[in-house]
Amino acid sequence: MHVYLDNNATTMVDPAVTEAMIPFFSEIYGNPNSLHRYGTASHPAITKAINQMYKAINASDNDDIIFTSCATESNNWVLKSVWVDKILNGDKNHIVTTEVEHPSVLSTCRFLEEQGVKVTYLPVNDQGIVEAHTLRSFITDKTALVSVMWANNETGMIFPIKEMGQICKERGVLFHTDAVQAVGKIPVDLQNVHVDFMSMSAHKFHGPKGIGALYIRNSEALTPLLHGGEHMGGRRSGTLNVPYIVGMGKAIELATQNIEEKMALIRAKRDRLEDALLAQLEDVFTVGSRENRTPNTILISIRGVEGEGMLWDLNNALIGASTGSACASEDLEANTVMLAIGADHELAHTGIRLSLSRFTTDAEVDYVIESFTKAVARLRAISSSYAKVQPTPGGKAAECNIHH
Amino acid sequence: MAKNDLLGGSLWDQYSNKVTTLMNNPHNQGEITQEECDADGYKLIVADFGAESCGDAVRLYWAVDPKTDTIVKSKFKSFGCGTAIASSDMMAELCIGKTVQDAVKITNIDVEKALRDDPETPAVPPQKMHCSVMAYDVIKKAAGLYLGVDESSFEDEIIVCECARVSLGTLREVIKLNDLKTIEQVTDYTKAGGFCKSCIKPGGHEAREYYLVDILADVRAEMDQEKMRAAADAGSHGDFEAMTLVQKIKAIDSVIDESIRQFLIMDGGNMEVIDIKDSPDYIDVYIRYLGACNGCASSSTGTLYAIEATLKEKLSQKIRVLPI
C-alpha cells in the first residue's frame with residue numbers, strides 16, 4: 001500500500017480541480033489581456049475564480065486578492081515592499097516576525113537586515129506558538145510591519161492571529177500573516193480578524209503548484225514586486241496563468257465548503273493515528289495540544305530514533321512522511337521548531353511529521369500504524385542511545401559542540 | 001551552478017547500493033557482552049563517540065585477543081541516519097581481524113571507499129561524508145581504551161576538515177604554494193570544506209577549532225608580510241621592479257629631486273608624480289607639469305624624453321613616463 005502523509009509539503013490535485021483546469025490549456029488558451037474573443041473567452045472563468053477566492057476567505061469587495069506564483073512570492077512582496085514604502089521612503093525601521101516562520105519569511109528578513117532593517121524574531125512558548133502579549137511588548141513606534149504565520153508547517157500549531165491583528169490595529173502597524181498552512185485546513189474569515197496582508201498557496205489545499213495569492217486589505221498601497229504590464233490592475237505583472245487561477249479558485253472552493261465537516265473527518269483519522277502511536281510505543285511524544293493544531297498534523301518525536309533513519313524505513317514501507325530534522329535535507333541542523341519549544345537536542349533530531357488530507361483513508365491509517373511501530377522497533381534495536389546497554393567503561397559520549 | 005545543478009537530486013539516490021543494503025540490514029549491529037569475552041579469554045572494549053544531541057552517535061564493541069592484540073569480534077550501535085548506520089557497520093567490519101594498532105589506521109575515507117559500488121563513484125553525497133567521520137573517531141577512542149593511552153596520541157597532525165582528512169599543515173602549504181585567494185580555490189585544491197562544510201566558517205553543523213576562512217586569512221596575511229619583507233629587502237638592494245608602490249614613488253621622487261627637478265626649476269617650471277601603474281610589460285609613471293613646464297612645447301618631446309631616459313637609466317628599463 002502506498003500512503004502519502006506529507007500533505008503539509010504539498011497535496012494531490014483534486015481530480016475536480018484538474019478537470020476544471022483542462023479546457024484552459026487546450027480550448028480557451030487566449031491571453032486574457034487580448035482584446036479579441038480568444039482572450040476574452042477566459043474572462044468568465046477568471047472572474048469565477050476571483051469570486052471563489054473572495055468567498056472562501058470572506059474578503060470584502062474593497063480588498064484585493066492578487067494572484068502570484070506562490071506564497072514565497074507573496075511573502076517576499078509584502079516584506080520587500082514594506083521595506084521600500086515604509087522604511088526606505090518612510091520613517092520606520094523595524095519589522096517583527098517569529099523564530100519559526102517559513103524560510104521565505106525568515107530569509108527575506110535576514111536579507112532586509114543586511115540592508116539595515118531592524119528585525120525582531122519572537123520566540124515561541126512550549127506549545128510552539130508566539131503568544132499575543134509577547135508581540136505587544138516588542139512593537140515600537142518604529143515598527144513598520146508584523147509578520148506572523150497563521151499555522152506552523154511542522155507542528156500545525158495555530159497562532160493567535162485574531163489577537164495579534166487587534167494589537168497591530170491598535171498600534172497602527174501593518175499586519176501580515178502567512179496563511180499557507182491555515183487556508184483550507186481551518187476556517188479563515190477575514191471579517192473576523194484584522195489582517196492587512198495574507199499569503200496563500202494553492203498546492204497546499206489540493207490545487208496546482210505554481211500559483212498563490214496575496215490578500216491586501218482595503219487595497220493598501222504596496223510597491224509591486226514585479227514591474228511590467230498592467231496585469232491585475234498593475235499590482236502584479238506577468239500574463240495571467242489562467243488554468244492555474246481557475247484551478248486555485250476551484251480548489252479553495254472545494255477546500256473551504258463545509259470545512260467544519262471536513263475538519264472533523266480528518267481530525268478523527270489524525271487522532272486515531274496519534275492515539276495508536278502513543279499507546280503502542282514507549283518514549284514518544286507529540287508536539288502541541290490537539291485542540292490548537294490544524295486537524296491534519298502530527299509532529300511526533302521518538303526517543304532513540306534519528307529522523308532520517310525513520311524516514312528511510314517509512315519510505316521503504318511506501319509511506320511518504322517528512323522531517324525537518326538533521327539529515328533529512330542537506331541541512332544537518334536539528335529541527336528548529338523542536339528546539340524552540342524546548343525539546344532537548346537529541347529529541348530535536350527525531351521529529352517525524354505526519355500530515356493527512358481529506359483523501360487519507362482509514363485503511364491507510366491502519367497501515368501507517370503497523371509500519372511505523374515496526375520501523376521504530378527495528379531502529380531502536382540498532383540505536384546506541386535507546387538500547388538498554390551496559391555503561392561505557394571509557395566514560396560518557398562526547399559532548400555535542402553543535403552551533404545554534 | 002549550471003543545468004545539472006538546477007534541480008537538486010534526491011539525497012538517497014546518491015547512496016551506493018552498499019550503503020542502502022547495510023542501512024536496511026546491517027551485518028555487525030548489536031552488542032558484545034562481558035560474559036562472551038570472559039568465556040573466550042578476550043578483553044571487551046566499549047567506546048562511544050558523538051552525541052545524540054548532535055544527531056549522530058555511535059557505540060563500538062570490540063572483543064580483543066590480548067595475546068595478539070587482534071580484534072576478534074566487532075559490533076556497533078548507532079543513533080543516526082542511513083549513512084551513519086551503514087558507515088558504522090562497515091567500520092565495524094573493517095576492524096575484524098586487524099590488530100588494534102592497525103585498526104587505528106582505518107580512516108573515514110577508507111570506510112567511505114569500502115562502501116562504494118565502484119571505485120570512482122562516491123558512496124554518499126558530499127554533505128553526508130560528515131556522518132562517516134565518527135566511524136573513524138570511535139576506533140581511536142576504542143584503541144585508546146585498549147592501549148591505555150589518550151586517543152589524541154593517534155593524531156600526529158591537526159585535522160581541519162575531518163570529512164576529507166586535510167591537515168592544517170597541508171592547507172597552509174597548498175595556499176602558499178598555489179597563491180590561493182578564495183575558499184572555493186582551497187576546496188578545489190584540497191577538498192577541505194567540500195563535504196559537510198562545518199570547517200569553512202563558524203555557524204555550521206559543529207563548532208570547530210580551526211576554520212578555513214581564518215586559516216586562509218592568516219596565511220594570506222603571512223604571505224603579504226613576506227612580500228613586504230621581500231620588497232623592503234629589494235628596496236635596500238635597489239631592485240626597483242620588486243619594490244612596493246610606496247617604495248617606487250620614493251625612489252622615483254628621489255631620482256627626480258637629484259637629477260631632474262633642478263633643471264625644470266631653472267626654467268621656471270616643475271613637475272609632480274601623480275600615479276604609478278604596473279603591468280607585465282611596463283611601469284607607467286604618470287606626471288603633471290607645473291609652472292612654465294605646463295604648456296611648454298618640449299614638455300611632450302625633449303623634456304619628456306630626458307625625464308624618461310633618466311628614470312630608465314637609474315631605476316628600470318620598463319619605465320614609461322606619461323604626462324597628463
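Note that Cβ sites are derived from N, Cα and C of the backbone, with glycine treated the same way.
Here is what TrEMBL says about this protein:
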DOMAIN    B:14-148  domain 'NIF system FeS cluster assembly NifU N-terminal'
BINDING   B:Cys54, B:Cys81, B:Cys131  Fe cation binding site
DOMAIN    B:159-201  domain 'BFD-like [2Fe-2S]-binding'
BINDING   B:Cys161, B:Cys163, B:Cys196, B:Cys199  [2Fe-2S] cluster binding site
DOMAIN    B:252-321  domain 'NIF system FeS cluster assembly NifU C-terminal'
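By a Cβ separation below 8 angstroms, chain A lies close to these of the binding-site residues B:Cys161, B:Cys163, B:Cys196, B:Cys199: B:Cys196. Highest Cβ count within 10 Å among the binding-site residues B:Cys161, B:Cys163: B:Cys161.
Cβ packing within 10 Å was compared across the binding-site residues B:Cys81, B:Cys131, B:Cys196, B:Cys199, and the lowest neighbour count falls to B:Cys196.
Checking each of the binding-site residues (B:Cys161, B:Cys163, B:Cys196, B:Cys199) against B:Cys131 (Fe cation binding site), the C-alpha distance stays within 10 Å for B:Cys163, B:Cys196. The separation of B:Cys81 (Fe cation binding site) from B:Cys161 ([2Fe-2S] cluster binding site), Cα to Cα, is 21 Å.
Each residue contributes its Cα atom, and for B:Cys81 (Fe cation binding site) and B:Cys163 ([2Fe-2S] cluster binding site) these two points are 16 Å apart.
B:Cys196 ([2Fe-2S] cluster binding site) falls within neither a helix nor a strand when secondary structure is assigned with DSSP, and so counts as coil. Secondary structure from DSSP puts B:Cys131 (Fe cation binding site) in a helix.
For the recorded site, B:Cys81 (Fe cation binding site), the DSSP three-state label reads coil. Across the range of the domain 'NIF system FeS cluster assembly NifU C-terminal' (B:252-321), the DSSP-based residue counts are 31 helix, 22 strand, 17 coil.
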